[in-house]
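K.L.:
Please find one structure pasted underneath; my questions will follow.
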């Protein structure tokens, strides 16, 4: 049996692909707790970018807006329109929450697509986008669940729980199950899409470096933005649903 150098190279490439992993965690030990440090580091980085950009752009508001001020005013209008469409006339208090969710997820996703986190060497583990960790997406989903429970209870009081037996008490188990499936779908949709995008890029780079992965990276930027929009839209829709009491 003849094994050519080409076939050996092909087998080696396939072996390298088989070694692609989701990633290793970098931990901090604080007291008796083990903390995913890479999530905190990259999350702080994203938050610093957001706060720094806003402070620089709007610290001196101009009557004739600068380009940066125009951009952030456009982003604010977009978030307000999104909140009003999904929540209704009482959208005002929820604009900061929906905006925070959208901007944090958007910048986190783009940081994973644009920044070479992997080249930063750690004692163990590796850095990645915050939304590439299931802990982050679950936390965001649980915050959304807490928000729509608060919205419903603050408007309707204990009568909010009547929704579980409407239109018929037979649907009680299904209505309760729905409150568990909402955060699950939010968290796993975001985590799965971001993780899949990064893995596809890693595999393509290992096969054909530099040229072929570039269109996939641009596609990743597009889908990253779409995922942030989907999460924010669903969060606003759930809040509006809890306040209006319709399904």
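Here the Cβ of each residue, glycine as well, is placed from N, Cα and C on the backbone.
Keep in mind the model is a prediction, meaning the values are calculated, not measured.
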K.L.:
Transmembrane segment per Swiss-Prot: which of the ranges 178-198, 220-240 is that?
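P.N.:
So the range that Swiss-Prot calls transmembrane segment is 220-240.
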K.L.:
In Swiss-Prot, which of the ranges 38-58, 59-79 has the transmembrane segment annotation?
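P.N.:
Going through 38-58, 59-79 one by one, Swiss-Prot flags 38-58 as transmembrane segment.
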K.L.:
Match it up for me: which of 134-154, 155-175 does Swiss-Prot list as transmembrane segment?
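P.N.:
Of 134-154, 155-175, Swiss-Prot gives transmembrane segment for 134-154.
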K.L.:
Examine the transmembrane segment (220-240) against the transmembrane segment (95-115) and state whether at least 3 Cβ pairs sit under 8 A, considering only residue pairs 6 or more apart.
P.N.:
yes
